[in-house]
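Written out below as structure tokens is the structure these notes cover.
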Amino acid sequence: MYCTHLMTLQLVVMAMLWVTPVRAGTECRYGCRLNNMTIIVEREDCHGSITITTCAGLCETTDLNYQSTWLPRSQGVCNFKEWSYEKVYLEGCPSGVEPFFIPVAKSCDCIKCKTDNTDCDRISMATPSCIVNPLEM
């Protein structure tokens, strides 16, 4: 009788271990996805803020501990898969002011970094920057 209860308990625990990662994965998604972002836009005659749809999130990647000339390095980045320009008028602009044309993401994907439209450089400790560790403030 004791062995039967023990086996039943083991089966229940195993079933819970199989279900838990699936459930956690649906609630804890930090992957590449569409995201609304508010940005400040200025021009001489008017200014304001607009909300656009862009891509944000983490991409699974592998970074080797050594550099090799035989293995190409490819960093996956969250970027637009499909996008279009949308015409945006700011509130408070005088009539007749030309609209802004803003790129708006329609879908996102983790893709190889394209240097023609994305900053793909790595941050190195030797690179002068204004990035400050919050713990040092």
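In case you wondered, yes, glycine gets a Cβ from its N, Cα and C as well.
According to Swiss-Prot, the disulfide bond annotation covers C32-C78 (among others), on the basis of similarity to another entry. Listed in sequence order, C55, A56, G57, L58, C59, C78, N79, C108, D109, C110 are the same-chain residues six or more apart from C32 (disulfide bond) with CB atoms under 8 A from its CB.
A C-beta separation below 8 Å, combined with a sequence spacing of at least six in one chain, links C93 (disulfide bond) to D45, C46, G48. According to Swiss-Prot, the disulfide bond annotation covers C46-C93 (among others).
The feature disulfide bond is assigned by Swiss-Prot to C55-C108 (among others).
The Cβ of C110 (disulfide bond) has 18 neighbouring Cβ atoms from other residues within 10 Å, across all protein chains displayed. Per Swiss-Prot, disulfide bond is recorded for C59-C110 (among others).
Taking all protein chains in view, 16 other C-beta atoms sit within 10 angstroms of the C-beta of C113 (disulfide bond). Residues annotated as disulfide bond in Swiss-Prot, with similarity to another entry given as evidence: C113-C120 (among others).
Following the DSSP three-state reduction, the secondary structure of N36 (N-linked glycosylation site) is strand. Residues or ranges marked as N-linked glycosylation site in Swiss-Prot: N36.
Look at Swiss-Prot and you will find 1-24 tagged as signal peptide.
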### Query
Just how many other Cβ atoms lie inside 10 Å of the Cβ on C46 (disulfide bond)?
14
### Task
Measure the Cβ-based neighbour count of C59 (disulfide bond), defined as the other Cβ atoms within 10 Å of its Cβ.
17
